[in-house]
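Student: Pulled these features from Swiss-Prot for this protein:
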type	residues	note
DOMAIN	22-79	domain 'TSP type-1 1'
DISULFID	22-61	disulfide bond
DOMAIN	81-134	domain 'TSP type-1 2'
DISULFID	96-133	disulfide bond
DOMAIN	138-175	domain 'LDL-receptor class A'
DOMAIN	176-522	domain 'MACPF'
TRANSMEM	278-290	transmembrane segment
CARBOHYD	324	N-linked glycosylation site
TRANSMEM	402-415	transmembrane segment
DOMAIN	523-553	domain 'EGF-like'
DOMAIN	565-612	domain 'TSP type-1 3'
DISULFID	577-611	disulfide bond
REGION	611-688	region 'CCP 1'
DOMAIN	642-701	domain 'Sushi 1'
REGION	642-934	region 'C5b-binding domain'
DOMAIN	702-763	domain 'Sushi 2'
DISULFID	704-746	disulfide bond
DISULFID	773-823	disulfide bond
DOMAIN	780-839	domain 'Kazal-like 1'
DISULFID	784-801	disulfide bond
DISULFID	786-837	disulfide bond
DISULFID	793-816	disulfide bond
CARBOHYD	855	N-linked glycosylation site
REGION	858-934	region 'Factor I module (FIM) 2'
DISULFID	862-873	disulfide bond
DOMAIN	876-934	domain 'Kazal-like 2'
DISULFID	880-897	disulfide bond
DISULFID	882-932	disulfide bond
DISULFID	888-912	disulfide bond
């Protein structure tokens with residue numbers, strides 16, 4: 001056979017050579033067809049317009065010319081528009097500010113070029129309070145009370161300094177006693193050290209520490225630049241002036257992609273709050289310590305630049321310090337504006353009011369750092385051009401560092417090495433390696449803005465003037481920024497004010513909710529293992545090395561991996577409190593799940609925290625001060641010569657007759673929390689040796705508590721407790737569907753699958769897409785075409801239980817995908833019932849009905865379903881409803897021989913009668929198809 005093929009080829013080749021080769025372009029191509037998809041990668045084709053004429057036949061055009069071409073099109077991801085939830089109810093009227101608020105959340109951030117959300121998430125309105133304003137005044141005891149309510153030491157009265165901030169401590173003074181023998185100026189820019197810092201936004205916010213307060217102490221520090229010392233504020237432990245400009249501290253770093261900026265161990269910042277909610281954020285650093293700029297324009301600019309081509313980045317940075325500082329560990333003097341904001345917070349938790357603290361003052365404060373500036377540029381290079389240059393990563397970093405020393409710092413002794421000017425990339429740009437970069441992103445901080453802007457590099461520019469860097473360096477001394485800093489949570493500053501413990505607890509709760517708004521778990525997975533990051537209400541994709549495009553959808557020629565790394569989904573809502581007064585929550589590695597050898601998610605799957613209870617729940621939140629925070633466990637233990645200490649109850653259990661010490665022979669009774677029942681002997685007896693005689697006893701869960709869901713969702717059936725094995729269904733108002741699974745089952749100690757606290761309703765995309773078309777179709781101009789399972793079904797739709805006749809198996813499928821495939825003539829799929837596949841009568845009848853349907857003469861579409869001979873379609877519910885046996889037609893070709901109930905006699909029934917009897921769940925045995933023989 002092989003020899004015959006070779007001979008045929010030789011003969012064909014000889015004939016072609018003998019004749020004239022076909023000029024295929026003689027037959028023009030048609031226009032490319034429209035793309036099969038508008039997004040998410042489709043295909044289009046074109047055909048050659050063949051005319052079988054003499055030329056075509058004589059020149060073997062049939063064998064030579066391709067008649068059809070296909071290409072990929074519209075590979076960009078479908079845009080996801082930002083979706084805001086509805087406003088919740090108005091909060092109670094705050095009696096102190098006479099305002100109330102309502103809040104809504106971002107249900108879905110925008111992504112892949114979708115429309116962003118611009119409307120506010122919080123609304124305020126004036127109101128008439130029904131309660132008195134409960135702003136507690138500080139108990140100054142032996143201290144002086146300022147008009148503002150602040151307490152200061154008595155020794156600070158009449159010292160000629162405004163220690164109160166409102167000058168009330170210097171009023172009605174006969175004589176004043178100066179603290180210092182002469183007047184000293186404050187440290188330049190000392191107020192910057194007292195600003196708050198928003199860790200999630202990566203920028204300083206309002207003043208939280210009053211660094212004009214000196215505390216009646218005359219402590220000074222001297223700078224080498226001036227002869228006059230500066231006064232040191234009371235909040236600072238140490239201050240040291242220095243000017244650091246050494247040339248050899250110029251650092252360079254190489255990044256194959258921007259994801260390594262966020263995942264490198266030495267450069268990773270993580271945000272955490274009380275309760276353990278944490279996630280990593282990409283950061284840029286100055287030297288040893290971290291500075292987060294995740295959400296500012298520089299990082300966004302870098303991401304957008306990386307989308308245009310497969311890129312690598314070289315970062316060069318140099319730190320110039322003017323002074324170093326360390327903040328005191330305790331007894332810090334808060335700024336008036338921050339103190340006033342804290343004092344006006346209500347005792348009752350109000351998410352909107354408490355979250356404003358973080359908007360205005362940030363999430364952290366500076367515990368140490370430096371004032372100065374940072375020369376910092378991030379150069380973007382084409383990965384392909386860097387590879388073709390012949391330089392290694394270390395050599396490329398070295399060339400950027402050497403050229404920066406020569407062309408920016410104008411270091412006199414810098415020698416440019418031969419390899420940095422003669423490689424293939426530098427040769428294209430007159431010996432300059434930096435000129436081969438695509439662009440640079442400026443991360444310069446400190447100094448006057450016009451000098452900082454002049455240091456930024458632009459492609460094609462002639463270079464910097466020699467004085468540019470020195471001018472910026474001088475301006476850093478007058479206009480420094482806080483750099484190389486360390487942070488502590490701003491919540492730690494809430495001490496020694498009225499109701500400090502109550503407000504600290506409320507702020508921790510608010511910070512946990514506030515931080516969740518920045519968690520990229522809300523984003524859809526990015527193509528090619530891109531890492532999503534949330535910027536405001538927009539999700540951006542940070543591309544892996546070897547990928548690029550607006551959403552990382554394009555691959556460089558040498559990118560071969562098809563693995564999908566796992567990413568965390570969002571946390572579930574907190575569970576109810578157990579017997580140890582703790583609650584927990586979980587998350588799943590499913591956004592996306594690891595596929596084709598991809599990495600598993602790093603981090604914890606489950607978190608646990610202590611529960612808090614209000615002992616005055618009906619009287620509002622109590623005011624607890626710092627010196628009043630005591631728990632029962634802090635009470636001294638009672639020592640006795642005989643008896644037994646309190647025993648440890650089983651998990652999810654408690655002691656009914658609880659006390660600290662029990663007499664010999666005394667019994668304790670073990671009871672279980674709601675939703676649990678006692679299994680075993682529930683009495684312990686105190687023995688003379690101080691131990692307990694106890695049998696095996698445990699609290700086994702028997703019920704799940706009704707989950708907490710958003711108001712727009714309806715729970716069916718609605719009850720307080722559900723036994724193990726019971727299920728609930730979540731539904732939405734007409735025109736909306738649940739934006740996630742709708743069915744949940746009580747299993748073990750939780751609901752399965754976990755119920756997300758962000759679960760809500762969204763517009764029914766199926767209804768919107770189909771327009772005036774049938775289910776499974778969408779409107780395209782004036783025509784109805786089948787929906788694409790991949791393109792049109794990326795949104796959530798309700799679950800259906802479906803049977804596949806090819807695999808002879810049933811499975812749960814999204815409704816949209818089922819309808820789209822059914823429209824595309826996928827006849828092997830059969831609807832069983834709404835909801836996920838669960839063992840039981842509904843599934844059994846669905847499978848039996850599918851087997852019986854193969855012989856049905858009637859097949860009428862009805863919603864998701866198809867009605868058969870023994871059914872009719874209900875117009876009101878779009879569901880198939882079984883007929884009664886007398887409503888069936890008589891006779892017919894599809895007959896069966898059956899036995900009814902416990903009867904031994906045989907009976908012939910048609911397919912309609914068989915279907916109605918089995919639908920009513922009456923006992924019947926089908927003996928064989930056709931009439932009974934007897």
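Quick reminder: no glycine exception, Cβ is built from N, Cα and C everywhere.
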Student: Have a look at the recorded positions 61, 324, 823, 855 and say which one has the shortest Cα distance to residue 837 (disulfide bond).
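Tutor: Sorting the recorded positions by distance from residue 837 (disulfide bond), the top entry is 823.
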Student: When you rank 96, 793, 862 by Cα distance to residue 888 (disulfide bond), which of the disulfide-bonded residues ends up on top as the closest?
Tutor: 862
Student: Anything within 10 Å of residue 784 (disulfide bond)? Look among the disulfide-bonded residues 22, 823, 873, 912, comparing CA atoms, and list what you find.
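Tutor: Final answer: none.
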Student: Specify the count of other C-beta atoms within 10 Å of the C-beta of residue 912 (disulfide bond).
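Tutor: I get 23 for this one.
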Student: Give me the mean pLDDT over the domain 'MACPF' (176-522), rounded to a whole number.
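Tutor: A mean pLDDT of 80 is what the model gives the domain 'MACPF' (176-522).
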Student: Would you mind listing the long-range same-chain contacts of the domain 'EGF-like' (523-553), meaning Cβ under 8 Å and 6+ residues beyond its ends?
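Tutor: Tertiary neighbours of the domain 'EGF-like' (523-553) are 41, 75-77, 80, 82, 106, 109-113, 116-117, 256-259, 262-263, 281-282, 294-295, 300, 303, 306-312, 383, 559, 561, 563-565, 567, 591-592, 598, 794.
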Student: Check the Cα-Cα distances from residue 61 (disulfide bond) to the recorded positions 133, 704, 855 and tell me which is shortest.
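Tutor: Answer for the nearest of the recorded positions: 855.
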Student: DSSP helix, strand and coil counts for the domain 'TSP type-1 2' (81-134)?
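Tutor: For the domain 'TSP type-1 2' (81-134), the helix, strand and coil counts are 0 helix, 18 strand, 36 coil.
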Student: Report, as numbers and ranges, which residues of the same chain sit near the domain 'LDL-receptor class A' (138-175): CB under 8 Å and 6 or more residues beyond its ends.
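Tutor: For the domain 'LDL-receptor class A' (138-175), the list is 210, 213-216, 336, 339-340, 343, 496-498.
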Student: Taking just the CA atoms, what is the gap between residue 746 (disulfide bond) and residue 577 (disulfide bond) in Å?
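Tutor: Rounded to the nearest whole number, the Cα-Cα distance is 17 Å.
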Student: Which number gives the other C-beta atoms within 10 angstroms of the C-beta of residue 888 (disulfide bond), all protein chains shown included?
Tutor: 19
Student: Determine, to the nearest whole angstrom, how far the Cα atom of residue 897 (disulfide bond) is from the Cα atom of residue 873 (disulfide bond).
Tutor: 27
Student: Between the disulfide-bonded residues 577, 611, 773, 793, 880, which lies closest to residue 873 (disulfide bond), Cα to Cα?
Tutor: 880
Student: In whole Å, how far does the CA atom of residue 704 (disulfide bond) lie from that of residue 793 (disulfide bond)?
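Tutor: Here the two Cα atoms are 33 Å apart.
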Student: Reported as an integer number of Å, what is the Cα distance between residue 932 (disulfide bond) and residue 577 (disulfide bond)?
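Tutor: Distance (Cα to Cα, whole Å): 64 Å.
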Student: Are the domain 'Sushi 2' (702-763) and the domain 'TSP type-1 1' (22-79) close enough that 3 or more Cβ pairs fall under 8 Å, when only pairs 6 or more apart in sequence count?
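Tutor: No, the stretches stay apart by this measure.
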Student: What is the number of other Cβ atoms found within 10 Å of the Cβ of residue 816 (disulfide bond)?
Tutor: 24
Student: Rounded to an integer, what is the Cα-Cα distance in Å between residue 880 (disulfide bond) and residue 793 (disulfide bond)?
Tutor: 25
